[in-house]
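What Swiss-Prot says about this one:
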ACT_SITE  17  active site, tele-phosphohistidine intermediate
ACT_SITE  126  active site, proton donor/acceptor
BINDING   16-23, 29-30, 73, 126-129, 137, 153-154, 243-244  substrate binding site
SITE      242  site 'Transition state stabilizer'
């Protein structure tokens, strides 16, 4: 028997991207633009299947809008999912909240509309891991010791040393590899984030604590995601982010304390359902994983990164 999601419920499907090339190698990725592995693509396909099954069982439309970071691993994840949904993603970089174009079809009841707007923002990017980016987690653990390593990784105020962009960012369009000893580098910001750099109100980070991720993400959540949900009376949306950006969303939506957030770990590629009450200012109702057993096992693996070898 099919159940129906109550009409007052807005459903957010939150997802950490599928496994990336650097997740697989146990390397701090941050703003390095790592692609998905084959396992990561399979995780994206399986996530789409779980969401589709959930929507069908609860008489809920598939997500009508999607959100990703500006990093390729989230874009590849959502594109793979859209392929499973048989939807055509319409990608749009958001660098100004007042310049969003959703198309005439958005918000209509047309079940035959196969297009889905995908809004991409740097505000959903992974936490910037400063000089730890591109470094193997066991090596960083050895250098800093367990207590400082875990404080910087998990505490709300923990912050790595800043990145030296002269050494750890690609300096020109056709640069290959590295002559500075850094095997993995950030993309050139003037190219990758050209639109953001044209908006002088945007200051891109060189290192971040989780508090700073919450601070830069919250305006997008309030002024875009939740505003559009209200404006178009959306029943569901899909947000593909990163470990730290998903943790930040949960902290804001659920009201998790600064101390308790350090105990929240987000596994790759397992959809998390967050229900909000439309009749009460989109207030948090509840959250649950669509594959809770796998989520528990893999969240524990996330917590232990650096201490144990990745499978």
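Cβ atoms are placed via backbone N, Cα and C, with glycine included.
Here the features listed in Swiss-Prot are placed on the structure.
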residue : record                             : DSSP class
16      : substrate binding site             : strand
22      : substrate binding site             : helix
30      : substrate binding site             : coil
126     : active site, proton donor/acceptor : coil
137     : substrate binding site             : helix
242     : site 'Transition state stabilizer' : coil
Worksheet item: Just the number: how many Å between the Cα atoms of the residue listed as 'active site, tele-phosphohistidine intermediate' and residue 137 (substrate binding site)?
Response: 19
Practice prompt. Tell me the Cβ neighbour count for residue 137 (substrate binding site), meaning other Cβ atoms within 10 Å of its Cβ, over all protein chains shown.
Written response: 20
Fill in: 16, 22, 30, 126, 127 screened against residue 242 (site 'Transition state stabilizer'), Cα within 10 Å - retained recorded positions
16, 30, 126, 127
Discussion item. For the binding-site residues listed here (30, 243), tell me which residue's CB has the most neighbouring CB atoms inside 10 Å.
Written reply: 30
Item to complete: Can you tell which of 16, 19 has the least company, meaning the fewest other C-beta atoms within 10 angstroms of its C-beta, among these binding-site residues?
Response: 19
Response to the item:
Quick note, residue 137 (substrate binding site) and the residue listed as 'active site, proton donor/acceptor': C-alpha atoms separated, nearest Å, by 16
